[in-house]
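*Asks:* So TrEMBL says this about it:
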type: TRANSMEM; residues: 107-127; note: transmembrane segment
type: TRANSMEM; residues: 187-206; note: transmembrane segment
type: TRANSMEM; residues: 277-301; note: transmembrane segment
type: TRANSMEM; residues: 321-344; note: transmembrane segment
type: TRANSMEM; residues: 356-379; note: transmembrane segment
type: DOMAIN; residues: 390-496; note: domain 'TMC'
type: TRANSMEM; residues: 399-416; note: transmembrane segment
type: TRANSMEM; residues: 423-440; note: transmembrane segment
type: TRANSMEM; residues: 452-477; note: transmembrane segment
type: TRANSMEM; residues: 498-523; note: transmembrane segment
type: TRANSMEM; residues: 567-589; note: transmembrane segment
Amino acid sequence: IWIFHGFYAEEVLVGNLATMSTSERIKAIQKMPETMKKKREIRNKVLKEVTKKSRHHSTQFSGCTQCLQGAAVSFQRFGNTLSEYFHLLRFWHKTLKIIGAEFGTSVLSYFIFLKWLLTFNIFSFLINFSFITVPQLVAAEPNNLSFTGLELFTGAGYFQQTVLYYGFYTNATISKIENGPSYNMQLAYIFTVGIYFVICFLILLFSMAKSFCRNFVNPQTYSGKASKLLCTWDFNITNEKAVKLKQKNLSTQIKEDLTEVNREVLNFSATERVVRIVIHLVSWIASLGTAVAACAGVYFLSINNLKLFVKGHKNDLESQAAMLVLPVVASLLNAFIPFFYSWLGHLEKFRTPGHHIYITITRNIVLKISIVGILCYYWTNIVSASESQCWETLVGQDIYRLVLVDFIFCLLGSFFGEFLRRIIGTTVCVSLGLPEFDIGRNVLDLIYAQTLTWIGILFSPLLPGIQMISFSIVFYVKKVSLMMNCQPPRKVWRTAQMTTSFTFLLFFPSFVGVLSVIGVTVWRLKPSEECGPFRGLPSMYAAVSKWIKILENYTASKWVVWIYHNLITSVLFYFILSTVALIITYLYWQIIKGRKTVTKLLHKQILN
């Protein structure tokens, strides 16, 4: 009787849900106190019931209407199926949960940032491959160079005559059908790269604004202390492993929040303050001096590297190895100097782990961006004015080697910096213990690698694909190294604001600096005469000006010409746009401040 009663009640429930609209039905199913498995079963039964009713009433409609209605139901069911399995497509979702539960949000922020950068490179690779590489492959000529295997490390030789580098792309209009549609490679190249950077700019701005609002302006709204303890448990979790993982994750987050509340205020005497200030000054002088010395070494080594190319290099082992000297030295400096900065941070004895990490990140960003800045000066002022037949390909090869060697050093850093450190800390010198995951150094390695990739997109369109593979491998290597070699931070602390800092550092100085380099290359530098899609032009941007002059002869394209002359090339337009953006930012800030004030008043009223 009870089984029959339950079955009858469920049939009535399905019938009632089938009469509702789609939005009402979704809300009703979401509010049910059932497991996700049970909700999915009810939803599927309701969809079957809706389909039956639509077939029953199909005789009342015309054939066209019936077809449309069937297509709408099929599309709805397809969407529901996609949403049901969408969680399986989220990369490393379970891994991130485990890392957050075991090591806290500070270490988790690194892996979230790495995953976010990976999506950037996937997006860039798909765009470049679709609109630049595929059309070139259609019109490409066979490669007559032999492949020896050394090209995988040097990027030279066989790869020079492939779609990997700028110099291989044609400047002709591609058309496989006579009197058919054509494909302008010059416009495709510059517009694809330009639109990609515009999209990246908007994504970075939106991410910074969203993260800033969440973590700085009104953090109480998103991370309430009491609500985290009383209201965040998901009662749909029934798996025992998932329950334990959720408990551990909540426990770690509550510990981090309590650490902020119970933060100790240290009082120092006048003498101790003077000593601390002196130590800070000496540390900053030492760190800046090291960065200047590293930049000088990279610059003089770059000059010697250019002489090797200009004289003409052979394909023997010695010449191939000589090409790797510059990237190896740059990677050595980027690998070992941060350890010196970390030692300086321990010597300074900051009050909180957050201060230590932020200062270390600042010193590392000065070092890495300075090295990249010296290399950009070398590429845009010295290589571009050299006697090379295709200086853009030389720049692309340099960046390829830098990315590859940096990836290798990243893997070696996990082995020597964490694995051997664990062996020493557990066998030789037990007092050292297990190492902690160095967030500052690892994050700056990612920003450095992404900066090189952004610069290299113009000279090597498929470079994001290489970086996509390297980031995927780095994620798994770092995850295994973290689980096997590292211990959770000794001082538990909440780092919700750290993700905002990472995004800001990626935007400035990394992305803004890249835009400056790309702008100089596109507007100011003269392309090579014998290679690339812009050969024979005074600048890469001249291809756009040339296209606009052609459009002036067509009446249907007058609106494009008007937009170009009155908006794109107008200083007044950008001034007005900047003013409007500042006004909107100011108004948004005032709204957020007002909401924050109202929230504080409500909290006070509730407490009273």
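Keep in mind that glycine also has a Cβ here, set from the backbone N, Cα and C atoms.
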*Asks:* Under 8 Å for C-beta pairs, could you tell me which stretch among 356-379, 423-440, 452-477, 498-523 has the largest tally with the transmembrane segment (187-206)?
*Replies:* 498-523
*Asks:* Could you pull the average pLDDT for the domain 'TMC' (390-496)?
*Replies:* 86
*Asks:* Would you say the transmembrane segment (498-523) and the transmembrane segment (277-301) are in contact under the rule of three or more C-beta pairs closer than 8 Å, pairs 6 or more apart in sequence?
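*Replies:* Since fewer than 3 Cβ pairs under 8 Å link them, the transmembrane segment (277-301) and the transmembrane segment (498-523) do not come into contact.
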*Asks:* Could you break down the residues of the domain 'TMC' (390-496) into DSSP helix, strand and coil, giving a count for each?
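*Replies:* DSSP classes over the domain 'TMC' (390-496) add up to 79 helix, 2 strand, 26 coil.
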*Asks:* Given a Cβ distance threshold of under 8 angstroms, which distant residues of the chain, six or more beyond its ends, lie next to the transmembrane segment (356-379)?
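*Replies:* Non-local partners: 106, 284, 287-288, 290-292, 294-295, 298-299, 302-303, 306, 330, 333-334, 337-338, 341-342, 344-346, 348, 350, 395, 398, 402, 439-441, 443-444, 447-448, 451-452, 455, 498, 501, 505, 509-510, 513, 517.
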